[in-house]
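> Below is one structure. I have some questions about it.
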Amino acid sequence: MMRQKPYCEFIEESEENKKWSEIEEKNHVKTGEKPLRAKKTFTCTQCGKSFTYQCHLDFHMRFHTGEKLFTCKQCGKSFTQKRSLMAHMRIHTGEKPYKCSHCDKRFSDSGDLKKHERIHTGEKPYKCSHCDERFKQSSHLKTHERIHTGEKPIKCSHCDKRFSRSTNLKTHERIHTGETPYKCSHCDKRFNQSTHLKKHESIHTGEKPYTCNQCEKCFTHSSQLKDHMNIHAGEKLCSCDQCNKTFLSASDLKKHLTVHTKEKPYTCYLGGKSFSNFSVLKIHQKTHTGVKKHKCSECEITFTSAGGLKQHERIHTGEKPYECSHCDKRFSRSAYLKTHERIHTGEKPYECSHCDKRFTQSGYLKIHERIHTGEKPFECSHCDKRFSRSAELKTHERIHTGERPFECSHCDKGFNRITNLKKHEMIHTGEKPFECSHCDKRFSRLADLKTHERIHTGQKPFECSHCDKRFKQSSHLKTHERIHTGEKPFECSHCDKRFNRITSLKTHERIHTGEKPYHCTECGKRFSHSYALHIHTKNYHSKAPYKQRCL
């Protein structure tokens, strides 16, 4: 065992030091001895504090002057008091003379022991003067009181933002530096906050520490539990004053309000560009932050990390080191493999906090949650339309640009959506991959099959919110609801008349065009309406079977 060095080896003792040591020892009250009360005649000119003895005032003045007479020979650190130096020296000697009476923990400083013992006793001696909250440490009280005073003394060196805590500043500065010190032990993801890492890791572990006391449903985040509890309470606490839509949380309402206000509260401190959504700002900021010193030799794209470059280079080399254990598929990234394997396992780790829906990817969950929040972060640069998905915006913008990137291989027709191209190509191929399980009918589209099957099942899933009527198709419901709302979206191009159905508009326009598409096969007479042909056939050709043909 290494012998501890005596304190004297660490103290740089001058004549001045000796003098102050004697004063400290002389005026130190012995244990159990009551100090004599005397008149405080010596007053500090700096702060007005009074003292009984001149030596006490002289000692106090060191706090104002910053004079530090006691120096550690080991590291050169200086102190205003000898006892502060003595406490400091224990760092070098390793001595921990103060033992907790409740547990085996030892401390080098009596103040640290006192703080620690409050864990056992539950004592909170520091009370807030603004509210009833109490604290174990004076520093915690000081930080708390800034909530009431609004004081933010800690300023960011990169921007004008100020903070009440140094830890908050440290976290904020990572936005500027791009530092992500917290790495997931299960995958390659990194985070700038330990809380974000903790939340993320619960996806891998499946841990759900927050349990509802009403239905025992478990959640990974406390915010999810809070939102869920409002469902039991029957509450939708936050209401939009623009459209009366209600939300379970203030954050959801805040996201939704940007749809109405078109407000962009999140501004990039470097480029000045503003965004309505914080996550979009975060993506944008990656274009500024971080030195991209790792350059691809093939295409000259640069990356902030060697790992990022390595992953990118697999695009050029075609390397796919990660193989699925269920099938022969290979992947360039472990994250891609993990996502793919969920197809085999059926695992859906991402659960919606608003409903019971689960997803294989966090991105899918994020998009889904916008149904509940009404958030539409992607805005068209040509018009005021907003979208919940970037893909929807891209497709929409083709209306303005006229771009039709998806071309039919059988004819010259072009389409702005790949789904529209696929549907169209079935006209050429005659392919009908979707077969009805009740009859032999086949369909080129899954949606058409689903609609058809409702003839067999009698299912009418679309219910009118104004009356009890139900419909097989959403389009039929939409048309029906116009009876209640009075909406007439289809306007005649010849006059000001409006209609709630496109078929009604088409029929009306025949008055202007003179078109008569319905032809009697008996006498050749033509009619603009099918019912006119029907009456004509009944009146003049009643013995003959009723026929009609639309040219």
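Each Cβ is built from the backbone N, Cα and C atoms, and glycine gets one as well.
The feature domain 'C2H2-type' is assigned by TrEMBL to 70-97, 98-125, 126-153, 154-181, 210-237, 238-265, 266-293, 322-349, 378-405, 434-461, 462-489, 490-517 (among others).
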> I need to check the long-range neighbours of the domain 'C2H2-type' (98-125): which residues 6 or more away from its ends have a CB within less than 8 Å of a CB in the stretch?
87, 90-91, 134-137
> Based on DSSP, tally up the residues of the domain 'C2H2-type' (98-125) by helix, strand and coil.
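When I sort the residues of the domain 'C2H2-type' (98-125) into the three classes, I find 12 helix, 4 strand, 12 coil.
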> Tell me, roughly as an integer, the mean pLDDT over the domain 'C2H2-type' (434-461).
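Value for the domain 'C2H2-type' (434-461), mean pLDDT as a whole number: 89.
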